[in-house]
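These notes concern the structure reproduced below.
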Amino acid sequence: MSRQLLPVLLLLLLRASCPWGQEQGARSPSEEPPEEEIPKEDGILVLSRHTLGLALREHPALLVEFYAPWCGHCQALAPEYSKAAAVLAAESMVVTLAKVDGPAQRELAEEFGVTEYPTLKFFRNGNRTHPEEYTGPRDAEGIAEWLRRRVGPSAMRLEDEAAAQALIGGRDLVVIGFFQDLQDEDVATFLALAQDALDMTFGLTDRPRLFQQFGLTKDTVVLFKKFDEGRADFPVDEELGLDLGDLSRFLVTHSMRLVTEFNSQTSAKIFAARILNHLLLFVNQTLAAHRELLAGFGEAAPRFRGQVLFVVVDVAADNEHVLQYFGLKAEAAPTLRLVNLETTKKYAPVDGGPVTAASITAFCHAVLNGQVKPYLLSQEIPPDWDQRPVKTLVGKNFEQVAFDETKNVFVKFYAPWCTHCKEMAPAWEALAEKYQDHEDIIIAELDATANELDAFAVHGFPTLKYFPAGPGRKVIEYKSTRDLETFSKFLDNGGVLPTEEPPEEPAAPFPEPPANSTMGSKEEL
């Protein structure tokens, strides 16, 4: 009898030793709960860590926005994102839009390396490990077009002249790839570029008759446009093949008008053009005499295509920020300025004569050949610049004061709008008062938005630099805590701090022209 009971007793002991709730069929704490039905808001799937897997299985093309409820950029994107979903649904496109609350779904945010909001990722065919980063615009049509070119063909297949002419006639910018073999790897390069060049429409053909009708004998990418020259050809190198970077630069350069007016609609494309030299003609377009200058400006432009971008700035429009950047008043128009975006150096005509095609051409050649010195912005020296504890420096007196070999000069480079600068202002004033009786120490400040220096450029605010007495034009950048005690310790130690001092405080970046990315600003975590 005891032998018969032994297996039963062993079974009871095993059950008793299991953790509570681990009976057969129970779920361990580490297991995922069963997948839920995925809710929707305004046509957008609302995902969690429990439903992402289901969404990936059910939707072969899935764009997911990682957002934060407090993020202003996310709030601005939300209505456009919903509109894009509605547009694509109306077209019966096989693509789905979804969103994830990043702070609430921290595991997902960490899994996909989300460090700023909004971040959008595109998943294909359920592949969870290698999503594509979204790099397109933030408006509804831009989002929709970015997705169309990924779930559908990025270029239209053209079989005859009627189809080609219909495509060319229907858009301002049309790019057609003429390839004798559509299986060639150059075609894959062409289609890859077509996915992201959303401001152009792309076509593709291998028809010999179309080669003949457009005067081509070998593989060529042709840009058709309804302005300027009307057409620009990019022959494919028979030995090296089609280079994505070279083709991209060609299309960006030749898709720009020879003369572009600066405004809110064109500014992003101007800065994304990858042409470093920009020649700006400042005119008042309400005046007939100024408008007459545009013809000569346009006449000079073709010979500098790809080297210099010709831009018209209307001083009668909302362009005060452009005038300020060049240190100009509206009354200075008509006038020319050239800026190199890489070095930020600015140039002005030396003679200041009339603006003609000849004078514009000569000015451009002189700058490109290094025959014109750049000019630096500077405010006028205030009469009382040295009367307060904090001395006021401008471009015109900076060198004389900062590199005085008999003085130790501590300078704050600031921007009037900078919050960090305003927060540290009381400490800087207190520092100046503390050391105002030290004849060999000067505490100063310089508005770096209105004054430029030949010695170095300022890239963030506030930037603090110490210029010790003595020869050699030595410069020490201060990167520690911005308070009176630490400032004083720094000065008393001759421009050095003990190693235990806390790390540097952040600086607000100097405003830059819009970058090539079309996603715009994001908010970091």
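Cβ coordinates come from backbone N, Cα and C, glycine included.
What Swiss-Prot says about this one:
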ACT_SITE  Cys71  active site, nucleophile
ACT_SITE  Cys74  active site, nucleophile
DOMAIN    367-496  domain 'Thioredoxin 2'
ACT_SITE  Cys418  active site, nucleophile
ACT_SITE  Cys421  active site, nucleophile
REGION    492-525  region 'Disordered'
COMPBIAS  505-514  compositional bias 'Pro residues'
COMPBIAS  516-525  compositional bias 'Polar residues'
*asked:* What does the structure give for the C-alpha distance between Cys418 (active site, nucleophile) and Cys71 (active site, nucleophile)? Integer Å is fine.
replied: 21
*How many other Cβ atoms sit within 10 Å of the Cβ of Cys418 (active site, nucleophile)?*
20
_What whole-number Å value do you get for the CA-CA distance of Cys74 (active site, nucleophile) and Cys421 (active site, nucleophile)?_
28
*CB neighbours of Cys71 (active site, nucleophile) within 10 A?*
21
_Cβ atoms near Cys74 (active site, nucleophile) (within 10 Å, other residues, all chains)_ = 22
*According to DSSP, does Cys418 (active site, nucleophile) fall in a helix, a strand, or coil?*
coil
